[in-house]
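J.: One structure follows; several queries about it will come next.
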Amino acid sequence: MNTLNKLGWSHFFESSLSFEEKQNMTIGRVSTVNKSNCIVIHENGSKTCELAGNLMFGLDENEKPKTGDWVLFLDYGDLGIISKVLPRYNCLSRQKSGKEIVEQIIAINIDYAVIVQCLEIGLNLRRLERTLVQLQNCNIEPIVLINKTDLPIDDEQQEIMNFMIDTYQAIPISASHGSNLNLLKDKIITGKSYVFIGASGVGKSSIINSLQEGNDLKTGTISQSTMKGAHTTTSRELYILQNGGVVIDTPGTREFGLTAPNSESGLSGFHGIDELAKGCKFHNCTHTNEKGCKVLKAVKTGDISEDEYENFMRLNREMEHYESSLQDRKQKGKKLSKIIKNMKKSGYKS
Ligand SMILES: Nc1nc2c(ncn2[C@@H]2O[C@H](COP(=O)(O)OP(=O)(O)OP(=O)(O)O)[C@@H](O)[C@H]2O)c(=O)[nH]1
Ligand SMILES: [Zn+2]
């Protein structure tokens, strides 16, 4: 398998290229985004690349290259100039905390998100559900890990852990003792991309390091570029594992603010509730007071806990809020451009 395929290159990206682009440009995948340049991995190693002027000034912040993006660049030896960001297969993003609607991109072109929680910080079911919902919004498959299982556990945490294992196929591991790491390795497929997410200190980097079988990540292809001195402290970084798979390490993210869903398929972070909701009498049931609501019925009979129901409703409200704020902004934008058009028509010179 060639390097590009190992990096996750596929027909989806290939088909977006013109003949001229294939002839003249070098294809690469963005590993790290720095203030003034990017580190791009390509067929023959990695390269520090800058953005061409039209990209630098002509694109919205979120359209500029992000970790995981495929780009085309012109190779000038020591430096590459990125001239195009290829279409994105998908995008892991979150609503930034705070009142304003700001979508923050975490990584691009992702097959699996490895959600890490750990016993030391404490398992948190609500946070897991929230993350699962956002992954579904972004069309990304989850893998759930419970790390630091070498540490003592109390009854309550044990119960949550069992629930996570039963319901979300969570894998209990210990990065430092190496236990169950083979179960995770079994899930890593050559050419697929895995982004590691979870709060600071849960052990994301340690797990990724132990996947490399004793080889420190920082000694990989990436560090050749860091020698050039243009590399500041990184936030997100993409690596190719020796035994296959592309991993992206991210700095700790506690909460996943939800963005608008990609699909109509409901909140799949909630085992059971989705399925139940399909059986509601009204297809647009809000599960608050409708007759024939299967969700409310299940809460009544105790099949769903009050807690889970509350969280389900809270996340639904949050997505609605995001969507309506977005609509609001679009409306305002439209109004403004209409006003400007009219002003121009009536002879106003800006
Ligand atoms: N006991 C125990 N400690 C672990 C385990 N895995 C990681 N640690 C420790 O937990 C601490 C944090 O690990 P990191 O791998 O840096 O965590 P991280 O999630 O990458 O943290 P950020 O980079 O801040 O997001 C380190 O001191 C690790 O040695 C484990 O399985 N058991
Ligand atoms: Zn209902």
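Including glycine, each Cβ sits where the backbone N, Cα and C put it.
Note that the coordinates shown come from a computational prediction; the quantities given were computed from them, not determined experimentally.
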J.: Starting from the Zn(2+) binding annotation in TrEMBL that includes C280, C285, H287, which of C138, C293 is the extra site residue?
T.: C293
J.: Need the matching range: TrEMBL marks region 'Disordered' on one of 211-238, 323-350, and I'd like to know which.
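T.: In TrEMBL, residues 323-350 carry the label region 'Disordered'.
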J.: For ligand 1, pick out the binding-site residues S200, K204, C280 that have a CB under 6 angstroms away from one of its atoms.
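T.: So the answer is S200, K204.
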J.: Mind computing the max CA-CA distance among N147, K148, T149, D150, G198, A199, S200, G201, V202, G203, K204, S205, S206, which the record assigns to GTP binding, rounded to whole Å?
T.: 19
J.: In whole Å, how far is H287 (Zn(2+) binding site) from K204 (GTP binding site) when you measure between their Cα atoms?
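T.: If we compare the Cα positions of K204 (GTP binding site) and H287 (Zn(2+) binding site), the gap is 37 Å.
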J.: In the structure shown, which of the binding-site residues K204, H287 has the fewest other Cβ atoms within 10 Å?
T.: H287
J.: Going by DSSP assignments with H, G and I as helix and E and B as strand, what are the residue counts for the domain 'EngC GTPase' (108-254)?
T.: 48 helix, 32 strand, 67 coil
J.: Distance between V202 (GTP binding site) and C285 (Zn(2+) binding site) at the Cα atoms, whole Å?
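T.: A Cα-Cα distance of 38 Å.
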